[in-house]
There are 2 protein chains.
Amino acid sequence: MIKPGDAQKQGRAYDCWLAYRPLENAVADQYRTICKKVAVAGQSAIMESAVDELKRGLKGILGVEPEVLYAKSDTRALFIGSESGVELTADDMHALGDEGFILKTCKDAILIAGKTDRGVLYGTFAFLRCLQVGIKPEDLSRMENPAAGIRMINHWDNLDGSIERGYAGNSIFFRDNQFIADKSRVRDYARLLSSVGINGISINNVNVHARETRLITRELLPEVAELAGIFRNYGISVYLSVNYSSPIELGGLSTADPLDKAVQDWWCKKAAEIYEYIPDLGGFLVKADSEFRPGPFTYGRTHDQGANMLAKALEPFGGIVIWRCFVYNCRQDWRDTKTDRANAAYDHFMPLDGKFMDNVVLQIKNGPMDFQVREPVSPLFGGLTKTNQILELQITQEYTGQQKHVCFLIPQWKEVLDFETWSNGPGSTVKKLVCGKVYPQKHCGFAAVSNIGDNANWTGHVLAQANLYGYGRLTWNPDLSSEAIAEEWIRLTFSNDPEIIGTISDILLKSWLTYEKYTSPLGIGWMINPNHHYGPNVDGYEYSPWGTYHRADWRAIGVDRTVARGTGFAGRYHKPNADMYEDMDKCPEELLLFFHRVAYRHRLKSGKTLIQHIYDTHFEGVEEVEQFREKWLSLEGKIDRERFESVLERLDIQLKDAREWRDVVNSYFYRKSGIPDEKGRTIY
Amino acid sequence: MIKPGDAQKQGRAYDCWLAYRPLENAVADQYRTICKKVAVAGQSAIMESAVDELKRGLKGILGVEPEVLYAKSDTRALFIGSESGVELTADDMHALGDEGFILKTCKDAILIAGKTDRGVLYGTFAFLRCLQVGIKPEDLSRMENPAAGIRMINHWDNLDGSIERGYAGNSIFFRDNQFIADKSRVRDYARLLSSVGINGISINNVNVHARETRLITRELLPEVAELAGIFRNYGISVYLSVNYSSPIELGGLSTADPLDKAVQDWWCKKAAEIYEYIPDLGGFLVKADSEFRPGPFTYGRTHDQGANMLAKALEPFGGIVIWRCFVYNCRQDWRDTKTDRANAAYDHFMPLDGKFMDNVVLQIKNGPMDFQVREPVSPLFGGLTKTNQILELQITQEYTGQQKHVCFLIPQWKEVLDFETWSNGPGSTVKKLVCGKVYPQKHCGFAAVSNIGDNANWTGHVLAQANLYGYGRLTWNPDLSSEAIAEEWIRLTFSNDPEIIGTISDILLKSWLTYEKYTSPLGIGWMINPNHHYGPNVDGYEYSPWGTYHRADWRAIGVDRTVARGTGFAGRYHKPNADMYEDMDKCPEELLLFFHRVAYRHRLKSGKTLIQHIYDTHFEGVEEVEQFREKWLSLEGKIDRERFESVLERLDIQLKDAREWRDVVNSYFYRKSGIPDEKGRTIY
């Protein structure tokens, strides 16, 4: 294995979007004349990170090694070029949020400033992005504040080095039940995260097993503190996933009941102990009463009681409790058609709205099920009005091709962010809700499950780097378009060559819908192999206890989730969404089978029958992957061989496996419905 | 865990059919008057095992501790009671085979004799069986020779202690990559095996992994020799499963090509080395070119070349090579309907008939697939006429309920043994073939995969002990009936009480067909969860590369294996079997879906449609398990609580899981066919 931190040996893909390739054009010359000197106002570790990055970027992109001067100052800024060219106004400072930055230019100077050193760091990365993509100095000026305060990454890393749902190798933090001593790769990871505005990271799996429970003990806290120190220099707070049963497992208590005084005291003392080591720990992330994890239900308590008890312990130290809403009955009888997992999170948490302390944040998955290729938005968004909340996305491609398939997820996330909940009239979109613009929230924002591992290219599939990049960019600015993010990422990662941008953009922007086509139709989800969640298996979860059924028979498929006839899930939404989902004719077709039971011979708006739609999309999906491969082949010689070959290899796997998906799914439905393909293609 | 050998703590189930319970009746009194003295003619370790067992049995059953006298003698016999009462005649000796025994009685004496000490040991166990079940001394006389020379048990034990397809705990031989030091349990196992006539045991898994490959090195051979010593005292030869690639993995050669001189030499030297440690090693068991195991195919050689090379190495030491015929393409494309796994073993081995050396034995699974609840007999039986062959059965219940379900397999095996192949005219049954009575064979007989582990009761399910018992009894005498074996086992294991015998017999004798009813109909097989092979999953292998498909669609199910329209498997049999299987109307209905593709609306001989038969049998199967449970409950207080509870616990699991099987399978076919149950029962 390549040693982390040994960037040259890691290969071209290791640098991701921070490769700082030479820019050779007139714009570069303009910058070269400016960027000979840098004056640093305000000294701190984070400022030093900014300066380091600026030097690295200028050297790479322009070949310039600027003279760096330091000035003691209350201002936090980098002055590039002439010292007197640009200045900060009171208006600027007023407009800036705590983490915002300002870029200003004149003929011979560039100013990167923030209200805090974090702002300067974000500004520096933004400046280098502009430089790399060739934006002219005169077009550089901008002021940006992040959309929300919590912009987090969740790692599902275990101390043994394994990663739950990891598809890019093992953990970069842990190996063989120890922290990895060489931290150079962690520092590079902090740079990557910070460059797109991420400011929080939970380092261990939400399923906290025996060893990971010990992360909050004096035995392991010094090691956590060391990691936290590296991230701190890049403005990133560390969080820990904790085991709700810690008072029993670590404290020797007989209970973890949140209303028990001894339990409360134990957590208060524990919090004090943890903050000794990491005074700026972000807080705890908690998966409780979910998929066999312990929680307040064990003691007949509610989630607010459970969360508030922890919140009280963290409050004196400014920590927060991030409490996951992924709570459902995972021992459902498949024969039971009344129970609906889709209802679970809503039904558990809506009655608790307003009961959580203000340093508790609910972390809500984008959909009511579990990161399927297509789901409606969780009705908790717009449902909860008096509770801090963040949106949980999944960057790691558990159900979207496991980084063997290209699946650019930004368009999926954009649909979620732009979803109109009608919670407080028009404009109550998910992005406004989780940015605290609809209801006042002390804490709000974003979390997402990491897709990185110790593979040389971080993400297994080189093109999957774009998902991490895009996630960060959206947390900063959810109004960015998928197209803009794709182009920016390609320019930074590969080239400013319009042909390369066009080709890779085409692949990325289409890839999610392509994956959807050859896997799971019209919102039905699942139909994959149990446990590892890869590969077609239409009945894979059909007779399981996991609450995820398609109920296909010879005539129809889909789950009736209407209020009138079904599980009532459609009614959890505000009008007019509830009415839209309730009515088969108004329901968006991509979610038709999520909300309705539909006959194979039912005509869709396209005029096709449902069954023909299934056949057609599955054939089309494979054809599109064939096109991706063709397009990628056209890049041979235009990008470095290493990344060219690596992506090609994955596309070959994707094509082979997409064909398997097509054939298994089509055969399944043909064998069940007996309705032949109108076009007479081969179905087995 | 209970320490092996600590019989008292192991509980009542540990002793199996060698419990030697007190007999309190007039017959016992008769024996008590006889069994006061034992004269031993011929001394050896095996004779000593016989004397030990006799003493143990007499003490347990009669409370008698006989005086034992030793006489130097060429005769091998135990004289119980008066020394002059019975004697061996020349005719007796002539009739006795090498392993046979004779029991003779007169008023005050009993003679147990054999041509060899092995014979005496088998005779002793037979005598104790007769005693325990209460056969009067005057009815004791008999002469028995075993049906075939090879009566073997195969262990699929790995050095780490795990057992492939083991459902009764871990290995009694190995733990943590070492041999278990305490051998007392191995000795008890040798007694159990020997008591039913088993004379060979392969101690390690046919899938020989890296560590097990080293069993044939000087590092581990002393440990193998120690085990062999224990088994030797009970007349059992040890065999080793070997890795075909050993010359590469152990010898550092670049090839394992059987025609390569260096490879041949390596094996010759290796054989000499092994026989230094274990001069009476039975030989090698080899799984080659099967399920990713290496073999001669790797080098473009044939199986006869591969096997004969090993046979030559073993020949000087009297060892044999047992070569498994379980060879098929396990990477089949499910779309490919031409390839048929059922044909594979036949097509691989038939062209090689007569090409094997006479110390090679082919080990042929009972069916062409893999130990399903119902399969036709492998056409290699009766196909091969010039090759040593043994029948391979599976005692461990991989596909028959994994020792959670009661499934007495003797009736299944009896069907196999009694199958008329017509190979050499009428009377060419499998049992005659594998006993060398149809064609001359130097080596013939039986092998079966063990169902035991380190559970206190050996087999997980107490009633599964009957399968091990019955297997042994059948290898000795395949003409024994299922009923006789069941009764004998119950009498030895539980009681001579007719009510207990009746109740347990009822359960045992019905159990295989009951299991078949709620699992897989009419010979179609599989429909279980992949890998672990437990629990219903109708499509579990349908789109897999394993060659095991049911091809169910909305109209029909089954694989057409006819010559006229299908894969041609039916034509591998001799007439009239070939004609019988070819013709849907003549094909035995229990194998209908194995040989034919049949519409759900097809009427069976019962007048029911196929689909109604599926529904009915699945409901019936569950009802029968309910009856088993009721029957078992009637034994409360009549047998010891420990075994009563233990079996009840398993029956509860069986009932719960049988319902799951019923509901999943019925729902699957209802959802696919759209044909409702005529009786309107609940199908989901």
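Backbone N, Cα and C atoms are what each Cβ position is placed from, and that goes for glycine too.
Some features that TrEMBL has for this protein:
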DOMAIN    A:16-126  domain 'Alpha glucuronidase N-terminal'
DOMAIN    A:134-458  domain 'Glycosyl hydrolase family 67 catalytic'
ACT_SITE  A:E291  active site, proton donor
ACT_SITE  A:D370  active site, proton acceptor
ACT_SITE  A:E398  active site, proton acceptor
DOMAIN    A:459-681  domain 'Glycosyl hydrolase family 67 C-terminal'
Notebook entry, point to check: Of all the active-site residues here, A:E291, A:E398, which one's CB has the most other CB atoms within 10 A?
Noted result: A:E398
Margin query: At a 10 Å cut-off from the C-beta of A:D370 (active site, proton acceptor), count the other C-beta atoms across all protein chains.
Written below: 20
Margin query: I need the CA-to-CA distance for A:E291 (active site, proton donor) versus A:E398 (active site, proton acceptor), whole Å please.
Written below: 17
Checklist line | Inter-residue Cα distance where the pair is A:E398 (active site, proton acceptor) and A:D370 (active site, proton acceptor), in Å | finding: 10
Margin query: I'd like the per-state residue tally for the domain 'Alpha glucuronidase N-terminal' (A:16-126) from DSSP, helix first, then strand, then coil.
Written below: 46 helix, 28 strand, 37 coil
